[in-house]
């Protein structure tokens, strides 16, 4: 059987109701992503702790009350939370064995993630213009490290989902591609949850002092 015929057989083969858990490899991938999320939770907990310890050390630079622009950050938060919903719809499309829905909703997820990163970059540029730099104070270092680390996770998630969409476009929904989509969606939800904590602890609490 040629590779093209094999790919067609995999694409057209019926999938079980929850294909991401139908194989040992799929279940191992799900276990692996939960272990990764656990490790990442520890990482972000350390970054949050460092930020809270240093947020008052601004070296006479702008304070959090003066610096943060809540409307723009709230818009970015809404965009990222919406992307979490679209990734759920992508998984629903996967369970419905509907490639078009998978491509549509995960494609929108990628676009929303890119829009979020664009706003974050714009925010950083504005802060630098106001004198809030990475090396300007301990507060600046802790802030940019926390937000930048989260942003790098968003970028990784965008790249990961994009690569998986290319795989689905070539191979279809199979017992190999569906677990990858599912664990990428779990990772994306984790990134979104971390941002909710950042928005609350860093921006909202920072704005009220």
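Positions of Cβ are set from backbone N, Cα and C atoms, glycine also.
Note that this is a predicted model, so its numbers are computed, not measured.
Taken from TrEMBL as is:
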| type | residues | note |
| --- | --- | --- |
| COMPBIAS | 1-13 | compositional bias 'Polar residues' |
| DOMAIN | 31-207 | domain 'Heme-copper oxidase subunit III family profile' |
| REGION | 1-20 | region 'Disordered' |
| TRANSMEM | 31-52 | transmembrane segment |
| TRANSMEM | 72-92 | transmembrane segment |
| TRANSMEM | 104-122 | transmembrane segment |
| TRANSMEM | 142-169 | transmembrane segment |
| TRANSMEM | 181-205 | transmembrane segment |
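Listed stretches 31-52, 72-92, 142-169, 181-205 were compared with the transmembrane segment (104-122); the greatest number of C-beta pairs under 8 angstroms is found for 72-92. In the predicted model, the domain 'Heme-copper oxidase subunit III family profile' (31-207) shows an average pLDDT of 94. Long-range contacts of the transmembrane segment (181-205) within the same chain, counting only residues at least 6 positions beyond its ends with a Cβ under 8 Å from a Cβ of the stretch, are 20, 26, 29-30, 32-34, 36-37, 40, 44, 48, 51-52, 64, 68, 70, 73-74, 77, 80-81, 83-84, 87-88, 90-91, 94, 102, 106, 109, 113, 143, 146-147, 150, 153-154, 157, 160-161, 164, 168. Here the transmembrane segment (72-92) has long-range neighbours at 101-102, 104-106, 108-109, 112-113, 115-116, 119-120, 122-123, 154, 161, 181-182, 185, 188-189, 191-192, 195-196, 199, 203, meaning same-chain residues at least 6 beyond its ends whose C-beta is under 8 angstroms from one of its own.
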